[in-house]
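Starting off with a structure, shown below.
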Amino acid sequence: LDSIDGKHARRTQSSTPLGELFDHGLDSWATSIFVLSFFSVCSRDNGKTGVSVYTMYIYLSIVLFNFMCSHWEKYNTGVLFLPWGYDISQVVLITAYLLTGTIGVEVWQKPFLFGYYITDALVILLIGFSLFLSFPQTLYNIHRAHLKKTLKNDSLYEGLLPLVSPLLLFLLLTVWVVLSPGNILAKQPRLFLWMVGVAFSNIICKVIICQMSSTQPELFHWFLFPLALVVYAAISGLLGWTEEAVLAVFTVLVTAAHVHYGVCVGRQLSEHLNIYIFSLKKRVQE
């Protein structure tokens, strides 16, 4: 139903910026949950089969990077162009669930072709689609808009501004993953990857709002400052054995902040547009 909601909204003449935020804002969060569920199906690396936690992190980062590029492109061009790789990813995910349900988890634990596992092929396909299809297509669309003089942002600074916070987020997270004394990703992979997805979703939601309202996003998202403190304390050894507990607390705070932000923005937009959330009825004018 992912591609049907917009068509239905236009058919019922209920298409609004709130609907766009709901759609893409929830997509930005669900993307990380889809990746987590996929790795739950494939199982974690046990030395023979499964997927390593570092592969999981790289896989998630690439998926979120592609999502970020699409909305960065719309911020600059005003057009959301989703390459067909998005549709393929959903088909692949459904196929993975059906294979697991029909054959069993053993399908992921046996070599598929020439000693390679299906998960190896999926990772290679993902990297290939990202590097040679999705990202080049984004750059080409922005370049074409520049030639046609239809770019929404004239200066290079304004055009690149939405990329600063997401890239700094991934930089800090990668530093934590690589330099963690307690190997935090191996000890708490689900919690860590959940936190990555929530933090990314909040940053992208703000970019979506700026793109819809033709406003300039903030240079540094506020999540980056407490995250930088946590990462510094972790890699310097200050946290010691409490590193996992601090990750749990930070994850809870980030998740609560993201939910609070979504509820507040949803209410403000519904009041501003004089509509109800999840309803076609108009608000009664006071």
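Here the Cβ of each residue, glycine as well, is placed from N, Cα and C on the backbone.
Checked TrEMBL, it gives:
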- 51-69: transmembrane segment (TRANSMEM)
- 81-100: transmembrane segment (TRANSMEM)
- 112-135: transmembrane segment (TRANSMEM)
- 156-179: transmembrane segment (TRANSMEM)
- 191-209: transmembrane segment (TRANSMEM)
- 221-239: transmembrane segment (TRANSMEM)
- 245-263: transmembrane segment (TRANSMEM)
Can we call the transmembrane segment (156-179) and the transmembrane segment (112-135) in contact, meaning three or more C-beta pairs below 8 angstroms at a sequence separation of 6+?
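Judged by the Cβ rule, the two regions do not touch, with the required three close pairs absent.
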Are the transmembrane segment (191-209) and the transmembrane segment (81-100) close enough to be called in contact, which here means at least 3 C-beta pairs under 8 A that are separated by 6 or more residues?
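No; fewer than 3 Cβ pairs under 8 Å.
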Take the C-beta pairs under 8 A between the transmembrane segment (81-100) and each of 51-69, 112-135, 221-239, 245-263. Which stretch has the highest count?
112-135
Can you find at least 3 Cβ pairs under 8 Å between the transmembrane segment (221-239) and the transmembrane segment (245-263), where each pair is 6 or more residues apart in sequence?
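These two segments touch.
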